[in-house]
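Feature annotation from Swiss-Prot assigns topological domain 'Cytoplasmic' to 1-91, 375-788, 1073-1362. According to Swiss-Prot, the region 'Disordered' annotation covers 1-45, 748-768. Marked as compositional bias 'Basic and acidic residues' by Swiss-Prot: 33-45. Taken from Swiss-Prot, the feature transmembrane segment applies to 92-115, 138-162, 220-237, 244-264, 320-346, 354-374, 789-809, 835-859, 916-935, 940-957, 1022-1040, 1054-1072. Here Swiss-Prot flags 95-385 as domain 'ABC transmembrane type-1 1'. Summarising the annotation, Swiss-Prot assigns ATP 1 binding site to GLY455, ALA456, SER457, GLY458, SER459, GLY460, LYS461, SER462. Positions annotated as domain 'ABC transmembrane type-1 2' by Swiss-Prot: 795-1083. Positions annotated as domain 'ABC transporter 2' by Swiss-Prot: 1119-1356. Feature annotation from Swiss-Prot assigns ATP 2 binding site to GLY1154, SER1155, SER1156, GLY1157, CYS1158, GLY1159, LYS1160, SER1161.
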Amino acid sequence: MSLHSKKSTSTVKDNEHSLDLSIKSIPSNEKNFSTEKSENEASESHVVDVVKDPFEQYTPEEQEILYKQINDTPAKLSGYPRILSYADKWDIMLQLAGTITGIGAGLGMPLMSLVSGQLAQAFTDLASGKGASSFQHTVDHFCLYFIYIAIGVFGCSYIYTVTFIIAGERIARRIRQDYLHAILSQNIGYFDRLGAGEITTRITTDTNFIQDGLGEKVGLVFFAIATFVSGFVIAFIRHWKFTLILSSMFPAICGGIGLGVPFITKNTKGQIAVVAESSTFVEEVFSNIRNAFAFGTQDILAKLYNKYLITAQRFGINKAIAMGLMVGWMFFVAYGVYGLAFWEGGRLLHAGDLDVSKLIGCFFAVLIASYSLANISPKMQSFVSCASAAKKIFDTIDRVSPINAFTPTGDVVKDIKGEIELKNIRFVYPTRPEVLVLDNFSLVCPSGKITALVGASGSGKSTIIGLVERFYDPIGGQVFLDGKDLRTLNVASLRNQISLVQQEPVLFATTVFENITYGLPDTIKGTLSKEELERRVYDAAKLANAYDFIMTLPEQFSTNVGQRGFLMSGGQKQRIAIARAVISDPKILLLDEATSALDSKSEVLVQKALDNASRSRTTIVIAHRLSTIRNADNIVVVNAGKIVEQGSHNELLDLNGAYARLVEAQKLSGGEKDQEMVEEELEDAPREIPITSFGDDDEDNDMASLEAPMMSHNTDTDTLNNKLNEKDNVVFEDKTLQHVASEIVPNLPPADVGELNEEPKKSKKSKKNNHEINSLTALWFIHSFVRTMIEIICLLIGILASMICGAAYPVQAAVFARFLNIFTDLSSTDFLHKVNVFAVYWLILAIVQFFAYAISNFAMTYAMEAVLQRIRYHLFRTLLRQDVEFFDRSENTVGAITTSLSTKIQSLEGLSGPTLGTFFQILTNIISVTILSLATGWKLGLVTLSTSPVIITAGYYRVRALDQVQEKLSAAYKESAAFACESTSAIRTVASLNREENVFAEYCDSLIKPGRESAIASLKSGLFFSAAQGVTFLINALTFWYGSTLMRKGEYNIVQFYTCFIAIVFGIQQAGQFFGYSADVTKAKAAAGEIKYLSESKPKIDTWSTEGKKVESLQSAAIEFRQVEFSYPTRRHIKVLRGLNLTVKPGQFVAFVGSSGCGKSTTIGLIERFYDCDNGAVLVDGVNVRDYNINDYRKQIALVSQEPTLYQGTVRENIVLGASKDVSEEEMIEACKKANIHEFILGLPNGYNTLCGQKGSSLSGGQKQRIAIARALIRNPKILLLDEATSALDSHSEKVVQEALNAASQGRTTVAIAHRLSSIQDADCIFVFDGGVIAEAGTHAELVKQRGRYYELVVEQGLNKA
């Protein structure tokens, strides 16, 4: 399906081309987006194919080029064989040691069965009146064996636990590294269809699944396998015929597993894929959070997110059914075979073919073996998840990228002249195959000359830069550098010769100095001394006109720029980016809209820097503001992928063609003299650039921009404060910036989401106390989300079924002890009858346990899936409830939020579902065996139970050790994940700077700390776990020794002894197994504490609040600022507004102008009530905006920003998303007509049902902007806010959009911010901001006459002729 007809090719935005071939959006049902899919679709790819063959219109050769750029490559090998291939020799040694010791530890229980058989013979002999004289000696002798086994099991358990944890972390670390390396190796076209949220999920949640499947659980599997195998070996040696009967359970159990695992695997893969898809949606929502606030779409977006969760829940329930039946079947077979074995064993015993020692030895050996197999079943989910998660990761790792900066192949580019030629280029974006962007396009860019590209959006300008950078390959024609085809050149060496400056420069979270050095290739940087490097940086800064303002910063070149440079203004970021571009003295300089979003003063300064940088090098410039390219050697006018005309500025004016019309549209043809006059005035002015405040650029700053994308990297303020105390206290305006400490030191782990609403100066201790809750509170909090009756019933039935499972152990003990008692009199006439009766008891127990385990697993998992889905939905809505201040904080990045919604919720499984069922099973077991043992024989019961605190204490300290390191591990891994997310979200910048190797190296370094922490944690926690494992055998020794004493004295009989022994020993053993879940419980408790903290935190501006004055419609929509003072909450030291006074009358169209950082966008933020002012008041209709109900108030306002936000879905869905109530088709069409977009929409293949693509990527800037205007108008707002609504558009698009805005402003109060003064000349009143106050106010004509600050802006833009 084509989103654009061929007639509209020229209007397609060429720089936004990420429409997925398999679009992850479904046509809507009325207002809400729909994400419902069939299970088959979701389990395979979770997408709906728009076309069968998107490239069918191209030749086979062209199709191959396109497919190579976007298609995935299925992994040649996946699963555990592939995972284990990442082990080096040390890992192999660790795993080998772990395997051997795991097997050694697994031998302990079967060996115990041998000892138990010998002791059982001695006890039955004593009960039948035989061997009384040697009884105590025999018992003492065999009790010593228990002690020897205990020592061996303790040592082996410790070794296998530690070695597998360490080896698992090391292997998972290499997979993480390989995955990021593969991601950084991909061509840019691959990222056009891959969501940033999906990368984050893969590198966090999925790699955590892999690590979990490689840790101590692997050791437990070898332990269980060894127990199983050795148990049967011992049993066969003791009596093969009897053991063969017991062995019949093995094929039956394997058959059940064989049927269940494939179904479980399929649904696990489906669930993982849906969660990854939902992460992309989360990233899309929170990247544009201000838009959600402005239009009040939180509930709609939450419902859309919930549809992803429902799909994931469906997979989880399907998985639960299979898991429940499989586990139930395993226990049914086990208990059924026990009944069969004792039935046949009694006959063999009666016939004299078997003695009691062999029968009991074989039984215990097989019993222990089968239990060991059953103990694997709860771990199976970890292994299935591990293998499923690895599949997607290895698909990416194995993908062969056609353009790979890591590959050494290709001719190395060294000394070049810099001549670029595009010859007969045919180009189409792989994710938009229906649009031919360049058609037989040819252009020569001479060496050392400036070539400028102009034309409408979608005409192919940015594509040319992408081809020169070799971000893409054309499907036809060639791109030459000095006569050599780019495809024959080494990619990295090619990009080392090129520097790119983009419209939205990306700076990294480090110092100004480091950001500039990133422009130097490593081959050069490594050869420079410290002094030479500093000289280069300073020279580059001076060339970029950045040196003077850098020297006024708090730490000068050592000043940290903040995440994505948000502490810098737009002009400052741009000039740092230019310095970064020119430091390597590139032969080729590419400038893509480098000044379009700047105010006039910044533009003049930046343009001078660009003019300086362009001298003596090949330069390609894209510009919508023609004033910036009038001096170019060759100006190329591009339209619909073809060159319309080219020549110098004057030559093209003489032609009076397309270029002349563009010039006329911008009213620049007569402005050269005035432009020169302004530049001369700037030359005469002092070189120090006036800075209102450090980074106080509320148009370009992430903190204040109304449509700023969320930053994707995180910091940890605690670690940071320590560093600041040591050396990095930054003082500015005589104030210590402790509260912006998280921006001063880069690349540190983020605070968890739970910490996000805390005051910056709170200590680590106070933060920890705020979040830390005990296990009971966490359990109550998680299950407080059980809401529906079916969930309550499932939870109660699941608990009851789990308790029945737990009660099996004491029932088994009572049956076994009484069964053993009949062996004391083999000559009894009713012996065989008694054997038959007890065999039936075993069969009944088998049937009960089948239903109990099946129902327990299914019911608990059903309830868990519902609860976790609801908690995830609740957390999503809670995050959407937070105010803008919350998202301004550096720790609340998109990466952190996406990770929290994925991994934190996943962690809650440790206190819910099957794990909770296991807890009730164990609790029931402990209580019931205690009651049974005390009722049967209180003396032996008390002595044996007195040892249980040893196991409990060992388990407690293991949990405590894990608890202490879990927080450090979580923060450290989140740091590395956030760094990876930041780098991949800025992949074009990373690629253009050729920084892939550096990013990869930094990421590898960031994984070292968590690896070290994991090793230390394993050494501590493994000690306590091993103690819990070994002490079981000591308890056996004590029980047999004391029991023998009681029996020898005649106080106990054999029934009493074996009832107490089996009940307590096996019961305590199972209690010890629960501590194997301690790591999961720790993670769940920490996650629940953070989510609970966030849930209970109330934002200052609360959209859930019902308080405040209700307003259905504003009366006059008059706006007044009275002595307003304001500082952003995260930058209290910087005053943005300093006593602002202004009045906007009802129905007026007013404009705010001024330099960056003067407070313009801040006023819109205050009108929208994104923030509350510090002093003074903002009044609308004479009422303080604080007194209105926030939701009712925002319904009266509509916002159109510089970067319009569109979501995945159809055009219709995106438009009606802005409606404050249900709207009719006619109302929607009327809004579109006013926005000048209706006719265009009708021309689309599916009209209003045409898909927009991710973030509206299939539409041009002008088209997206007009849809955003329609979305604003459908609200029928009383107040319309326009924040740089046309600044990033080309002249044609700007004209069309401006006409739509003019129509939209009729009959309502309109506030517009604009750098292009031509768009606001007709305003009723123009307010000129300067330093947070109004410097001038009046109409355009009045302000021009005053010859003040506004007049300077007019002259700078050549508008005084108007």
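Every residue number used here counts from 1 along the chain in the order it is shown.
Glycine is no exception: its Cβ is also placed from the backbone N, Cα and C atoms.
Everything Swiss-Prot records as a feature, shown here on the structure.
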residue : record             : Cβ neighbours (10 Å)
GLY455  : ATP 1 binding site : 27
ALA456  : ATP 1 binding site : 26
SER459  : ATP 1 binding site : 29
GLY460  : ATP 1 binding site : 29
LYS461  : ATP 1 binding site : 27
SER462  : ATP 1 binding site : 24
GLY1154 : ATP 2 binding site : 27
SER1155 : ATP 2 binding site : 24
CYS1158 : ATP 2 binding site : 27
LYS1160 : ATP 2 binding site : 28
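Annotation: stretch 92-115 has the most Cβ pairs under 8 Å to the transmembrane segment (220-237), among 92-115, 320-346, 789-809, 835-859, 1022-1040.
Within the same chain, the transmembrane segment (244-264) stays apart from the transmembrane segment (835-859): fewer than three Cβ pairs sit under 8 Å, each pair at least 6 residues apart. The highest tally of CB pairs under 8 A with the transmembrane segment (92-115), across 138-162, 320-346, 354-374, 916-935, 1022-1040, is held by 138-162.
Cα of GLY1154 (ATP 2 binding site) to Cα of SER457 (ATP 1 binding site): a span of 27 Å. Summarising the environment of SER457 (ATP 1 binding site), the number of other Cβ atoms within 10 Å of its Cβ, over all protein chains shown, is 27. Each residue contributes its Cα atom, and for SER457 (ATP 1 binding site) and LYS1160 (ATP 2 binding site) these two points are 27 Å apart. Rounded to a whole number, the distance between the Cα atoms of LYS1160 (ATP 2 binding site) and GLY455 (ATP 1 binding site) is 30 Å.
Sequence-distant neighbours of the transmembrane segment (354-374) (same chain, 6+ residues past either end, Cβ-Cβ under 8 Å): 106, 109-110, 112-114, 116-118, 120-121, 124, 223-225, 227-232, 234-235, 238-239, 242-243, 246-247, 249, 253, 327, 330-331, 334, 337-338, 341-342, 345, 348, 820, 823. Within the same chain, residues 320-321, 323-325, 327-336, 338-340, 342-343, 346-347, 350, 794-795, 797-798, 801-802, 804-805, 808, 811-812, 815, 818-819, 822, 914, 917, 921 sit at least 6 positions outside the transmembrane segment (835-859) and bring their C-beta atoms closer than 8 Å to a C-beta of that stretch. For the binding-site residues given as GLY458, GLY1159, the lowest number of other CB atoms within 10 Å of the residue's CB is seen at GLY1159. Here the domain 'ABC transporter 2' (1119-1356) has a mean pLDDT of 84 out of 100. Of all Cβ atoms in the protein chains displayed, 28 besides its own lie within 10 Å of the Cβ of SER1161 (ATP 2 binding site). Rounded to a whole number, the distance between the Cα atoms of SER1161 (ATP 2 binding site) and GLY460 (ATP 1 binding site) is 32 Å. DSSP assigns LYS461 (ATP 1 binding site) to a helical segment in the three-state reduction. Rounded to a whole number, the C-alpha distance linking LYS461 (ATP 1 binding site) with CYS1158 (ATP 2 binding site) is 33 angstrom.
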